[in-house]
Structure formats: C-alpha cells, structure tokens
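Record features, source Swiss-Prot:
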- Cys24, Cys27, Cys42, Cys45: Zn(2+) binding site (BINDING)
- 24-45: zinc finger (ZN_FING)
Amino acid sequence: MGVPRRAKLYEVKDGKVERKNPFCPRCGPGVFMADHGNRYACGRCGYTEFKDQPEPKKKK
C-alpha cells in the first residue's frame, strides 16, 4: 500500500515533527498549501504565496 499522502507532508527532525508545507492563512490549521516550485497554493480557497518575489522595476 505504501505511505498515506498526508504522512508525506511531515518529517521528524531531532525527535520533533515538522511540517514540510505551510498551512493556509485563510483556511487555518489542517489545510496544507501545495508546493508548486516558485509558489505555494491552497487547493481549497485558491490563496497563493510566491516564494521569491522579484523586486518591482523603478520608473524613471
């Protein structure tokens, strides 16, 4: 059968359980955000956070 999908979102370091992905700030604890490389996205409400935001271009 393998490992349940939800179990893959946690890892154990130094005897403590740590989340690999953040929880959605809108939906609250228990709703993980999906990791899409350059961003995290919530599948429930659609909230998106970008990991590396480029600096806005300055107008002259």
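Cβ atoms here come from the backbone N, Cα and C positions, even for glycine.
Neighbour density at the Cβ, taken as the number of other Cβ atoms within 10 Å, is lowest among the binding-site residues Cys24, Cys42 for Cys42. Summarising model confidence by region, the zinc finger (24-45) averages a pLDDT of 95. Taking a C-beta cut-off of under 8 angstroms and a sequence separation of 6 or more, Cys27 (Zn(2+) binding site) has the following same-chain neighbours: Cys42, Arg44, Cys45, Tyr47. The 10 Å shell around the Cβ of Cys45 (Zn(2+) binding site) contains 12 further Cβ atoms across the protein chains shown. Other than the site residues Cys24, Cys27, Cys42, Cys45, same-chain residues with C-beta atoms no more than 8 angstroms from the centre of those residues' C-beta atoms, the Zn(2+) site, are Pro25, Arg26, Gly28, Val31, Met33, Gly43, Arg44, Gly46, Tyr47. Residue counts for the zinc finger (24-45) under DSSP (helix as H, G, I; strand as E, B; rest coil) come to 0 helix, 11 strand, 11 coil.
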